[in-house]
Amino acid sequence: MAERRWVGYNVQRQILDEEAVDEMAEKSESKVVLSESIKKSMRCSGPRLKSCLLDSIPVLSWLPRYPVKDNALSDLISGISVGVMHLPQGMAYALLAAVPPVFGLYSSFYPVLIYFIFGTSKHISVGTYAVMSVMIGSVTEQLAPESNFMQWDNGTNTSIVDETAMNKERVKVAAAVTFLSGLFQILLGLVRFGFVVTYLSEPLVRGYTTGAAIHVIVSQLKYTFGTNPLRHSGPLSLIYTVLEVSYLIPKTNVGTLVVSVVTIIGLMLAKQLSVYLNKKLPVPIPVELLTIIIATIISWQVGLEQKYGVDVVGDIPSGLQPPVLPDATVLGQVIGNAFALAVVGYGMVISLGRIFALKYGYKVDSNQELIALGLSNSIGGIFQCFAISCSMSRTMVQHSTGGKTQVAGALSAMVILFITLWIGHLFEELPKAVLAAIIYVNLSSMMKQFTDIPALWKTNRVDMLIWVVTFILTLLLNPDLGLAASIGFSMLTVIFRTQLPKYSLLGQVPNTDIYRPVEDYNQVRQVPGILIFRCSATLYFANAEMYQDALAEKSGIDITKKLAIKKKLEAKRKRHEKKIARKARKAAKKNTVNVSPPGQEEAPEREEHTSVATIEVDPEPDPSLPRAIVLDLSPVNFLDTVGVKTLRSIQIDYGEIGIEVVLAGCQTAVVDNLQTGGFFNEKVTKSCVFSTIHDAVLHCQSTRMSQHKDMASTHF
């Protein structure tokens, strides 16, 4: 350990209470009038209009200054690489959303272009995302289940599903919930509500995404085994689905299962090879693209659908869909799901965007990101896309291939446009089991998040509890209800932690003005006659009563008992005074009736004087009690009315038994809360509030010394 360098300093000043500080620092009493604030915000000028326009449409600020020579080539390579990834992921995640695969390509085109115009992050790749897709799928399958589209086939004498009508209805539901979630995001961005993401802590997000990944895997089991289990919705639907799939395992399509197993093994080996060659190749190997190309060729040549009954993607129409307004009748049924999508999607975007912004030294505007994502989803919903967010795998590819600006994202959208318009129909023979295998392998990284549990156990067990409970709630209640319940549980942990704070008595570090908890330091000693009390949490209605109880416990003063004893003594003293007064009145009355003999007129007065002199006085203060209590409020960042009343009650109660109570370390907002809450009056002023603990201690010591002097002069 390096030798500590001691630098001596000496500060000489008077003891400063809050009144003295306000006077010396000339505290401003001016308050911003609401009408003036509104007028100021409504004023418009040329520079302000330009700034507002550039902030609202960020592409206008950075695209004219785009360094073509420095960034064009790297953004081009990155854009093509990410666009290639969009193809298999878009088609695969469309299955999660329970819509035809081509709509995954639409969702990888329109929203990406919108984000290019309005987004502020230079490195993230927005588009289809597994968690968002499975949340969409739970809504579409719930509102448009297969049972609603069953038709009787006279040829086979069985019921079959009208897939055309079912897909049309599910696309309508997915577009409606996407459009509404975009509107929620836009509204939250306009009211500057970007801080809502702070309620999604990292343990909550990671536990939630892990639970959602389990939902994704279970939803793809039917494509792996080639079975058609019943659709279950609501709480515990995951368990029912697993039981249903297990029941149908004897009916597994062997050809589909073989395709799934071979694809999973091939993908895992290819990804390991890609990681090994990553440093030697300028561009990562497009493993997913090669997989779907090879699988499509084999399926077409072998005839997997005709010979082995392997389910394939089917018809992929060329071209783009015309814009269609969402069905208003569906919007009312998906409000809760849309809000959950809005919060989860934004949480993914802003968390990953901030990581890269911090790494490369630029700013991501949280409110503008809400608006950009909201426009991407709302406009995308009109073009029959499903909700999008930020994909970590594509973002890492965009970053590793040299992508430096949003241009890479726009170029990836152009790749998807080319595929959609001209070569999309070539993938009609692609087995759906291959897309499910791609999903499994891509979700393997999320399964590694289970290692968070032992890590959090060592660092913060409350965060570990949030992770585990979020994971369990997401599994049992589905991603939509699970998210709401998880946020509620996370907020409860905050409340519990404020209700169960650490209460400490502070002592002075020798020869310093520093005060620390006496139980945590061996050399810290309490100041004689002064009790310094601190609570590690803010003081409000939920813990106000516990604050008083903890103060009584730490000080060893049963304030209720002391006040009861004092009241009894006071009542006894008053009864004694009344008794003496009655005797005096009787003696005076007797003197007025009986004429005293000469020379004895002064006797009654002497008797009265003697009687009055025997009135008992208050006893000396209990030496076992502290003479003053200092309440350290430095951890308190606000006070509600209950908190103010609690402090007022403490000051009055302890003051009645002769203990002075002062406050220390109050923030300006806390002093204002005391002012507006009625703590101060004619008798109690800001002179009982001190900026530092040391000032409060010195004040209490000086008050005690003056009291001793007064007592000494009285006895003298």
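Glycine is no exception: its Cβ is also placed from the backbone N, Cα and C atoms.
Per TrEMBL, transmembrane segment is recorded for 93-118 (among others).
Residues annotated as transmembrane segment in TrEMBL: 173-195 (among others).
Below 8 angstroms of C-beta separation, residues 223-229, 287-288, 291, 295, 304, 307-311, 431, 433-434, 436-438, 440-441, 444 of the same chain, each at least six residues beyond the ends of the transmembrane segment (248-269), sit close to that stretch. Marked as transmembrane segment by TrEMBL: 248-269 (among others).
Same-chain residues lying 6 or more positions outside the transmembrane segment (281-302) and placing a CB less than 8 Å from one of its CB atoms are 77, 81, 84-85, 87-89, 91, 259, 263, 266-267, 270-271, 273-274, 310, 312, 397, 400-401, 426-427, 429-431, 434-435, 437-438. Marked as transmembrane segment by TrEMBL: 281-302 (among others).
Taken from TrEMBL, the feature transmembrane segment covers 334-358 (among others). Nonlocal intrachain contacts for the transmembrane segment (334-358), taken as residues 6+ away from its ends with a CB within less than 8 angstroms of a stretch CB, comprise 120-124, 126, 129, 131-132, 135-136, 138-139, 143, 173, 176-178, 180-185, 188, 194, 196-197, 200, 202, 205, 208, 364, 366, 369-370, 373-374, 377, 387-390, 392, 395, 399, 479-480, 483-484.
Note on the transmembrane segment (370-389): residues 56, 94, 97, 99, 103-104, 106-107, 110-112, 114-115, 117-120, 126-129, 131-133, 135-136, 171, 174-190, 193-194, 320-321, 323-326, 341-342, 344-346, 348-349 of its chain, located 6 or more positions outside it, place their CB under 8 angstroms from a CB of the stretch. According to TrEMBL, the feature transmembrane segment maps to 370-389 (among others).
TrEMBL lists 409-427 (among others) with the feature transmembrane segment.
Per TrEMBL, transmembrane segment is recorded for 471-496 (among others).
Here TrEMBL flags 520-700 as domain 'STAS'.
Positions annotated as region 'Disordered' by TrEMBL: 583-611.
Within its own chain, the transmembrane segment (93-118) has Cβ neighbours under 8 Å at 56-59, 86-87, 126-130, 133-134, 136-137, 140-141, 167, 170-171, 174, 216, 219-220, 223, 313-314, 316-317, 320-321, 368, 371-373, 375-377, 379-380, 383-386, 388, 406-407, 409-410, 412-413, 416-417, 419-420, 424, 427, 432, 435-436, 439, counting only residues six or more beyond its boundaries. Averaged across the domain 'STAS' (520-700), pLDDT for the predicted model comes to 81. A Cβ distance under 8 Å defines the sequence-distant neighbours of the transmembrane segment (471-496), meaning residues of its chain 6+ beyond its ends; these are 131, 134-135, 138-139, 199-201, 204, 207-208, 210-212, 214-215, 233-239, 336-337, 340, 343-344, 462, 465, 542.
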